[in-house]
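Asker: The structure follows.
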There are 2 protein chains.
Amino acid sequence: MTTVRVELDQRAYDIRIGAGLLGRDTFADVAQPKARALIVTNTTVAPLYAQALQQALEPHFAEVLQCVLPDGEQYKDWPTLNRIFDALLERQCDRKTTLFALGGGVIGDMTGFAAACYMRGVPFVQVPTTLLAQVDSSVGGKTAINHPLGKNMIGAFYQPRLVVADVETLRTLPPREVSAGLAEIIKHGAIADAEFFGWLETHMERLRALEHDAVVHAVRRSCEIKAAVVAQDETESGLRAILNFGHTFGHAIEAGMGYGQWLHGEAVGAGMVIAAGVSERLGLLDPASAVRLQELVRRAGLPVEAPALPLQRYLDLMQVDKKNDAGNVRFVLLQGLGGAVLRAAPQDLVTSSLLAHGAIRDASPAMSGPGSPASRTAGSLAA
Amino acid sequence: MTTVRVELDQRAYDIRIGAGLLGRDTFADVAQPKARALIVTNTTVAPLYAQALQQALEPHFAEVLQCVLPDGEQYKDWPTLNRIFDALLERQCDRKTTLFALGGGVIGDMTGFAAACYMRGVPFVQVPTTLLAQVDSSVGGKTAINHPLGKNMIGAFYQPRLVVADVETLRTLPPREVSAGLAEIIKHGAIADAEFFGWLETHMERLRALEHDAVVHAVRRSCEIKAAVVAQDETESGLRAILNFGHTFGHAIEAGMGYGQWLHGEAVGAGMVIAAGVSERLGLLDPASAVRLQELVRRAGLPVEAPALPLQRYLDLMQVDKKNDAGNVRFVLLQGLGGAVLRAAPQDLVTSSLLAHGAIRDASPAMSGPGSPASRTAGSLAA
Ligand SMILES: NC(=O)c1ccc[n+]([C@@H]2O[C@H](COP(=O)([O-])OP(=O)(O)OC[C@H]3O[C@@H](n4cnc5c(N)ncnc54)[C@H](O)[C@@H]3O)[C@@H](O)[C@H]2O)c1
Ligand SMILES: NC(=O)c1ccc[n+]([C@@H]2O[C@H](COP(=O)([O-])OP(=O)(O)OC[C@H]3O[C@@H](n4cnc5c(N)ncnc54)[C@H](O)[C@@H]3O)[C@@H](O)[C@H]2O)c1
Ligand SMILES: [Zn+2]
Ligand SMILES: [Zn+2]
């Protein structure tokens with residue numbers, strides 16, 4: 001077992017990473033022998049790991065309850081969150097009750113937000129069981145639910161007391177979900193650590209085969225990078241934005257395809273390639289590095305092309321349109337592999353990278369004819 | 001205008017108290033000329049004061065929006081909170097949007113919680129328009145909504161950037177609501193400041209007549225007392241509990257009568273008298289002081305007797321029952337006027353004070369016969 005410390009003064013906490021942690025005495029630090037624990041999980045994860053966690057917690061708490069939610073991003077909403085509150089209130093749980101999030105990012109985000117709100121805050125512990133949750137969503141204290149009008153719009157910055165990442169649980173994860181998690185790992189290397197990026201190039205096959213040593217190293221290094229950024233900017237007022245590398249394009253892909261079609265990590269994979277393309281066009285990244293990124297994304301089992309949607313649709317989704325001063329949309333770009341900058345990008349370079357990576361130039365006469373809104377936009381902005 | 005500072009390090013803020021503040025340039029400190037403001041209010045307060053606030057804010061923000069909610073504690077719930085999120089998202093409001101709570105404690109609690117959650121936190125300002133909100137709910141950063149299974153169960157500690165208490169707005173407040181606010185003012189004197197308590201005895205009629213000077217002084221002193229307690233214990237882990245003087249009994253009254261029958265302040269009025277009775281019976285408070293408290297509560301236009309409910313119902317509502325070790329229920333008690341202690345009280349003294357102030361000894365055979373659960377409880381605990 002290895003430990004990464006997230007330095008946040010009084011809210012500092014440990015991330016424990018290893019194989020078989022659910023079976024061991026990993027939870028002694030957060031023991032509350034007179035209080036209750038509530039495991040929040042979903043219908044997919046519960047049959048796999050809830051019993052192991054239940055057994056691991058029972059020695060440390062007066063009682064261990066479970067709340068099993070339906071599985072899926074579409075349930076990351078208020079009615080489902082409310083089932084956690086129902087479970088707590090039906091059993092008259094008090095402010096000492098600790099919540100355990102057992103599952104992927106959806107369960108982690110919801111449980112964390114429930115813990116932030118229940119009686120204005122109860123302790124919680126993250127037990128992430130997807131690769132994405134282990135390297136990304138369980139670290140940093142962002143919690144949220146979705147609103148019909150926007151993803152992750154309602155939430156809190158609320159730090160867990162402990163994160164326990166048992167890489168053993170990844171064995172049951174569908175390969176597509178493994179790849180999605182690899183996207184965020186690649187992201188961490190690309191924005192902050194060229195050496196780690198190189199290590200990923202060497203170990204990608206072992207990672208996809210879920211070899212313990214390789215996975216533990218990748219999870220640890222990812223957590224270290226994210227934790228260092230979060231420690232400097234807990235509430236995303238500046239630096240933390242670099243963690244969104246690939247995400248402006250990624251979100252446009254997710255929204256453009258309809259949420260749930262592309263996994264978040266898949267969209268981020270293609271999004272990073274497009275963002276690297278913009279970096280290259282701005283002269284920030286050399287072409288060879290852009291190719292290395294694209295290759296690593298591909299070898300992670302992720303798409304390197306955006307889905308074929310009209311260019312204007314992408315620009316609309318990113319709010320790069322004529323109503324907006326294009327210079328106002330800032331992108332996280334790579335300044336060499338291992339370095340990130342936040343930079344406004346001229347729309348023609350954004351357009352060019354999108355077209356080079358799958359977006360289709362719209363053929364409808366209304367959009368492409370001379371004097372059409374689309375060409376006017378491009379024209380006025382290129383001028 | 002007078003100012004009270006709430007000392008909370010980076011989250012410190014001012015409370016501005018005076019007459020006619022809505023009409024003046026009170027909001028320059030929180031100006032965000034490039035961002036939006038959203039006034040959250042209700043159908044009662046909007047026609048009275050929304051336009052004045054709108055005009056006061058317009059010079060300081062790019063745009064000032066309004067969200068008018070239905071009026072009533074029964075709307076302090078998720079669906080109504082969601083209307084704030086709808087309003088924000090329909091207009092694509094960003095993280096720089098400042099929320100203004102214009103109304104009583106219900107609007108303040110909901111708007112504060114919405115601000116805590118929207119995009120994981122946007123700035124907010126309290127503009128309390130009830131006496132209770134000016135002296136109590138707008139200060140200290142507790143925000144919440146109700147859950148069908150419990151009041152204020154879902155919320156956050158989230159501090160406003162500024163509180164603006166315009167005592168002029170109290171002119172339109174129903175007298176019953178004025179009295180409810182006076183309950184919390186009396187509470188602040190009773191737990192923390194004997195001199196202020198004496199001042200209240202001298203000025204009660206002027207307060208009920210809403211004379212500006214008197215109200216400003218009472219609001220300021222109340223805010224100072226609450227702010228000092230909050231500054232020492234922002235998240236209610238200890239000291240802050242003394243602000244609940246009268247509230248254990250008060251909540252039992254509110255719940256026993258069905259929420260909405262008694263105003264919160266009314267229940268706290270009677271609750272303080274009962275708690276003073278317990279203090280007296282424990283030898284913490286001299287009888288003359290207990291009488292002074294009761295008299296002041298009466299002169300504030302508040303009930304000094306609990307509603308006639310069976311004693312056992314009160315004990316159940318306070319969870320002082322045979323399943324509980326009575327010694328575990330701790331009450332905020334007065335140690336002399338102007339001093340508060342947190343103390344477990346033997347059930348017979350609690351019972352005696354309840355009976356002396358309106359609770360009825362249950363006459364049903366199941367509860368009162370020898371060997372009944374109620375008498376066994378009383379017996380075993382008195383032993
Ligand atoms: N809080 C943050 O900082 C942050 C960062 C990134 C993403 N997120 C959020 O995370 C969510 C995505 O997380 P995710 O990718 O983990 O998705 P997820 O939680 O939906 O999990 C993916 C799927 O894998 C299943 N699963 C989980 N663990 C498993 C296991 N061990 N074996 C088999 N199946 C398992 C889940 O039930 C689900 O069907 C999104 O809602 C996103 O907004 C949050
Ligand atoms: N956050 C805290 O620390 C805290 C402390 C105490 C109470 N509270 C909460 O505060 C709420 C009670 O607050 P309240 O007593 O202000 O009740 P309220 O908000 O319901 O207001 C009482 C009534 O007065 C009306 N009103 C408000 N201002 C008016 C004005 N100037 N003129 C005429 N009518 C006006 C309201 O519309 C309402 O009908 C409860 O929900 C309680 O839980 C919170
Ligand atoms: Zn991501
Ligand atoms: Zn109160």
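Just so it is clear, glycine is given a Cβ too, placed from its N, Cα and C backbone atoms.
It should be emphasised that the depicted structure is a prediction, and the values quoted were computed from it without experimental measurement.
TrEMBL lists these features:
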- A:71-76, A:105-109, A:129-130, A:K142, A:K151, A:169-172: NAD(+) binding site (BINDING)
- A:E184, A:H247, A:H264: Zn(2+) binding site (BINDING)
- A:363-375: compositional bias 'Low complexity' (COMPBIAS)
- A:67-179: domain '3-dehydroquinate synthase N-terminal' (DOMAIN)
- A:181-324: domain '3-dehydroquinate synthase C-terminal' (DOMAIN)
- A:362-383: region 'Disordered' (REGION)
Asker: Which of these binding-site residues has the least crowded Cβ, counting other Cβ atoms within 10 Å: A:D71, A:E184?
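Answerer: If we count Cβ atoms within 10 Å for the binding-site residues A:D71, A:E184, the smallest count is at A:D71.
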Asker: Within 10 angstroms of the C-beta of A:G108 (NAD(+) binding site), what count of other C-beta atoms is obtained when all protein chains are considered?
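Answerer: Other Cβ atoms found within 10 Å: 30.
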Asker: Measuring Cα to Cα, how far is A:G108 (NAD(+) binding site) from A:H247 (Zn(2+) binding site) in Å?
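Answerer: A:G108 (NAD(+) binding site) and A:H247 (Zn(2+) binding site) have their Cα atoms 20 Å apart.
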Asker: Compute the C-alpha separation of A:E184 (Zn(2+) binding site) from A:T130 (NAD(+) binding site), stating it in Å without decimals.
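Answerer: The separation of the Cα atoms works out to 12 Å.
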Asker: In this predicted model, what is the average pLDDT of the domain '3-dehydroquinate synthase N-terminal' (A:67-179)?
Answerer: 97
Asker: Across the domain '3-dehydroquinate synthase C-terminal' (A:181-324), what are the DSSP residue counts per state (helix, strand, coil)?
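Answerer: When I sort the residues of the domain '3-dehydroquinate synthase C-terminal' (A:181-324) into the three classes, I find 103 helix, 1 strand, 40 coil.
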Asker: Relative to the Cβ of A:H264 (Zn(2+) binding site), which residues of the same chain, six or more apart in sequence, are found under 8 Å away?
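Answerer: The answer is A:G105, A:L132, A:A180, A:G250, A:E254.
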Asker: Within its own chain, what residues at least 6 apart in sequence put their Cβ under 8 Å from the Cβ of A:T130 (NAD(+) binding site), listed in sequence order?
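Answerer: Spatial neighbours, sequence-distant, of A:T130 (NAD(+) binding site): A:G103, A:G104, A:G105, A:L170, A:L173, A:E177, A:A180, A:G181.
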Asker: Once A:E184, A:H247, A:H264 are set aside, which residues in the chain still have Cβ within 8 Å of the Cβ centroid of the Zn(2+) site?
Answerer: A:L132, A:D136, A:A183, A:K187, A:G246, A:G250, A:G265, A:A267, A:V268, A:G271
Asker: Could you count the residues of the domain '3-dehydroquinate synthase N-terminal' (A:67-179) that DSSP puts in helix, in strand and in coil?
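Answerer: Breakdown, helix to coil: 47 helix, 34 strand, 32 coil.
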Asker: Near ligand 1, which of the binding-site residues A:D71, A:T130, A:T169, A:T172, A:E184, A:H247 are found, taking a Cβ distance under 6 A to any of its atoms?
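Answerer: What lies within reach of ligand 1, judged by Cβ under 6 Å, is A:D71, A:T130, A:T169, A:T172.
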Asker: Whole-number answer please: how many Å between the C-alpha atoms of A:D71 (NAD(+) binding site) and A:H247 (Zn(2+) binding site)?
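Answerer: Approximately 24 Å lies between the Cα of A:D71 (NAD(+) binding site) and that of A:H247 (Zn(2+) binding site).
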Asker: Quick one: of the binding-site residues A:Q74, A:T169, A:T172, which has its CA closest to the CA of A:H247 (Zn(2+) binding site)?
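Answerer: So, spelling it out, the nearest of the binding-site residues is A:Q74.
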Asker: Note down the number of other Cβ atoms within 10 Å of the Cβ of A:H247 (Zn(2+) binding site), including every protein chain shown.
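Answerer: For A:H247 (Zn(2+) binding site), the count of other Cβ atoms within 10 Å is 21.
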